Structures are given as structure tokens and as C-alpha cells.
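Notes follow the structure.
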Amino acid sequence: MVPLSSAVSLLNGERTVVVLFLTRILFCMPKSLYYESLGLCLLAFAGLFIEICAENSTSLNQFKPRPGASSGILLGAVTLPSVMLSRLIQLSRAVESKDIEPQELDYLIVQYWDVSATCFAVLLFLCCCVIRQSTNATSFLKFRRFHNKEISLLYIAVYVAVCCFSLARQSDFGSHLAMKLFWVFCHGLAAVRLIQHFLHTFPSCASVGEALLVTSGLVLYFGDMIAYTLAKLNTFLISPELLSEQYGFKRSEIITIIQGFLISLLVFPVFYGFSLRIYHQLSGWISPQTHAAEETDSKVIESSLLFYASLIVTLVVIAPAWTQFVQGFHRHPLLWILNFVFEEPLKRLALCIYWVSVICASVLRFYNISKSRKNERILLRKYYHLVAVLMFSPALIFQSSFLDLAFGAALAVFLILEIVRLSILKRFNFFGKPLHNQNLCRQVWKIWPLGKHINQFMNAFTDHRDSELLIVSHFSLLLGCALPEWLSTDFSDRSLAPFAGILSLGIGDTMASMVGYKYGILRWSKTGTLDLPPHSCDCEWVIRGVHNTTR
């Protein structure tokens, strides 16, 4: 009975979901992707092992994860690699039918190992944290840890060998393979540094698994754009096998614009903080003789004007120049966007008017409802899921390319609003280190006049899963709807794949929340409950997408 109860306790709802969609992917795996599937299995076993070890120790409490949430390490480690592998399965069918060139598949294989190595490096970092936990261990535990290190080194060697053999199929063992492995290694190092920075800058805002998922996505997104930029600077820096010229330089203009603007906004706080410090030094506002300054309206307005000026420079000069350089636009990217919108003015402008009307009506209605304590916030937030279905479904059917651009624009607006909202809460400088002068910190980041009102409005729709420092629910909803459509932009032989996010999040997640709220947690054994944590719902679009991709 003890082994049975232990097995039941290990098989919780989240792990069951992960096993189901991993099994679905591996069942449909072609022989040509044998090494990639083996890499995913190694990654999954490592994630499961570290998650179990983390549950039985307090080693990860140093990162201050979100209270009350499971670690979610396994789910965070396999979600994005599973998506990439599902995409590889889809493109392998396209190569067989000669719908695409083999170079596209080769480039995606490199991207798969980029994100897989990103997750594996973070798992290795977490494993080191667990191993270093016991400082006053007995000799038996030290002997056990020694053997665990040996097994870990062997496991790493097997994973690296699988990665090498997979990449070697595209090129012989030589400089090209070494360059690819170095590129993959850089992704892993960047991920380890980024997840530490994320958990330190935003304590108690995310579980370790959620932070891992965000980190792997950001590193892959940044790395892809940096690779294209380096290749554009000098085609000799990156081999043609690593960055296919046919696929790299002829990708969708919309995807390049979205990627350039979003990355520019993500690094905008660094640019603004740097500009603000230069302004302080030049104006003499902050000097060694100045004592702790009190906030004044003039200083707040000055910093706010600098914020808006920096934002305009980023959106009008820096981001367009970057995207124009990478994609080779013959006009300013903002002018290209206007021309794209007015190619079909009746349809696209009418769609914009429809979106604005739905947003205004829903915001006014639901914000008034949120002031009443009669409705639970988790149910109130699900109304916006239904609004997403109402907004995005017509556009996905009739104007899918315009919807791709609209998703990117909406995500950019969300990023700007969150940066402004954080302005009145910011307690860190742009390197994530605490400032000694908290009054100075509030002066530096307090943005007039929008910060206070945006924070008040956004807090009306938060619950226990959001924190004061970071509100991510609207990002999760938008990305859940947008990612299946973005992944289906270049090629898709499954007509329902773009609808995966809208249907699963807009309808499936809404019904699951309402039923779960009404009936609570159902016990399926004496030791376990049928209860999925919130972040496991974020991968629901993955399961739908996998089902449509690997049929």
C-alpha cells in the first residue's frame, strides 16, 4: 500500500496532463526526428526528477516563488520544446509533400535545440541549488551526493551527445557544428542569468516553472532576432546552415515588425533608466550634496516628460530602424503598417471600429461590476475570455494576416501599460538591484499622470494569482490566443490549428473555471485530488495545437 500511495501522490493532475500530451507527440514522431524526440524525453525526465527533489526540500525558497503555487518545473521545462517539436512534425510533413524547402526544417531544428538547451541549462542550475542545500550533511549523504553528481555528469554527456548527433545531420563535424553548439550554449547561459534576474526583480510573482517558461520564450525570441541582425551585419559571422538565407531573409514582414517592436519595448526600461541618469547628471538634479529629495510636482513632470520622449524615440526611431535593417524595408515600417491597413480599408478599418466598440463596452460594463463584491473576481475575469472569442473569431476567419499584426500591437500596448503601471511601484533600478534611497526611486519611476490611474484600473481585475509588482493575466490571455495563430502563419496543414488558443482559452478555460468554482476540488483517491494549478491551464492551447498538428 505504501508504494501505491507514493505512486499516486507523484501522479498529480499537472503531471498527468504533461504525460498525456508528451505521449501524443512521441506517438506521432517520424523516424527523421528520432534525436529530437530523445532529447525531449531526457528533458522531461530531468524536469520530473528536479521537481520531485524540489518538493522534498526548501532549496528553491531562496528565489521567493509565488506563495501557494506548485513548482511547475516539469511543465515549464517541456512546454516550449514540445511546441517546437510539434512544429517540426508539421514541417516534416510539408517537406515530404514538397510544400517547403528542407532548409526551413533545418533552421527550426536549430531553434528546437536552442530552446531545449535553454530549459536544460536552467534545470541544471536548479539541480545545483538542490545539491548545495545540505551544508551539514552526514557522511552517508555526502557519499550519496557524490554519486548523484556522477550520474548528473553522465546524464549531461548523453544529452550533449544527442544534441551533437542531431545537429551533425545537417553538417559534418567541423566549424559549422562548433558554431551551432556555441550558439546553443549561449542560449543556455543567457537563460540561467535571466531566470535569476527575473525571480530576484519580481519576488513572489511566479513559480519556478512559470519563470522557466517565460525565460525560455524570451531567450528564444531575443536569440532569433539577434541571429538575423548578426547575419545581416555580416553573412560570414553565421554559416548559411545555421541561418538559411532563403528562410531567414524572406520571412513575413509582419513577424519581423512584431518581433522588433516587442523586443525594443522589453529593453526600453534599460534605455529609459540610462537616459534618466544622464539627464540627472547633466541637469545637476541629483548631486552628492543633495540630501534625500522630496517628491515635487515639477520633478515628477520632468521625469514623466523624459519617459514619454524616450518611449517616442524607441517606437519611432530605434525599433523601426532595427526592423528596417533586418527585413530590408524600402520605407519606414510605420508607413508600411499604414499602407497594409489601407490595402483593404473597408474590411480592416471596419474591424478596428468593431474591436474598439467591443473593448469600450466590455471595459465600462465589467469595471462597474468589479466594484461590487457580489461577484468573484475569477468569474469576472472569465468574461474577458468570452470577449476575446467575440473579438478574434471573425478576424481569424476573414482577416488572419491583419489579426497577426493586431495581436502584436495589442501586446505592445499591454507592455507599455504595464511599464507605466510599474512606475509607481518600482523599487529597483534598471539592473534589478535595490536602490538605497527609496524616495529617489519613487521620483525616478513615477510617471505622471497615467501611472496611478492605470494601476487602480488593473487592480480591479486581479486575484490571488497576480501580485502588486506584476500583473500577467492579460498577457496570458492574449498570448494564449495569439501564439497558435502566429505559429500557423508560415505553413499549416491543419485548418483548426489557428483556433486552438481562442477555443481553449476563450471557451474551454472559461467553462473549466466556472465548473471548478461551483463544484470545487473532486477527490479521485484518498490521497490525491483532481486539481490543476493555474499555470497548467496556460498550456491548454498547446494540447489543442498538438492534437491538430499530430493527427
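Using N, Cα and C of the backbone, Cβ positions are placed for all residues, glycine too.
If you look up TrEMBL, you'll see 32-50, 71-89, 109-131, 152-169, 181-199, 211-231, 254-274, 305-326, 346-367, 379-399, 405-424 marked as transmembrane segment.
Within the same chain, the transmembrane segment (71-89) packs against the transmembrane segment (211-231): three or more Cβ pairs sit under 8 Å, each pair at least 6 residues apart. The list of residues near the transmembrane segment (211-231) in space but at least 6 beyond its ends in sequence, with Cβ under 8 angstroms from a Cβ of it, reads 63, 65, 72-73, 75-77, 79-80, 111, 114-115, 118-119, 122, 183, 186-187, 190-191, 194-195, 198-199, 237-238, 242-243, 248-249, 259-260, 262-263, 266, 322, 325-326, 535, 538. Of the Cβ pairs linking the transmembrane segment (405-424) with the transmembrane segment (254-274) and spaced 6 or more residues apart, 3 or more are under 8 Å, so the two regions touch. Distant neighbours of the transmembrane segment (152-169): 35-36, 38-39, 42-43, 46, 109-110, 113, 116-117, 120, 124, 127, 177, 180-181, 184; these residues of the same chain sit at least 6 beyond its ends, with a Cβ under 8 Å from one of its Cβ atoms.
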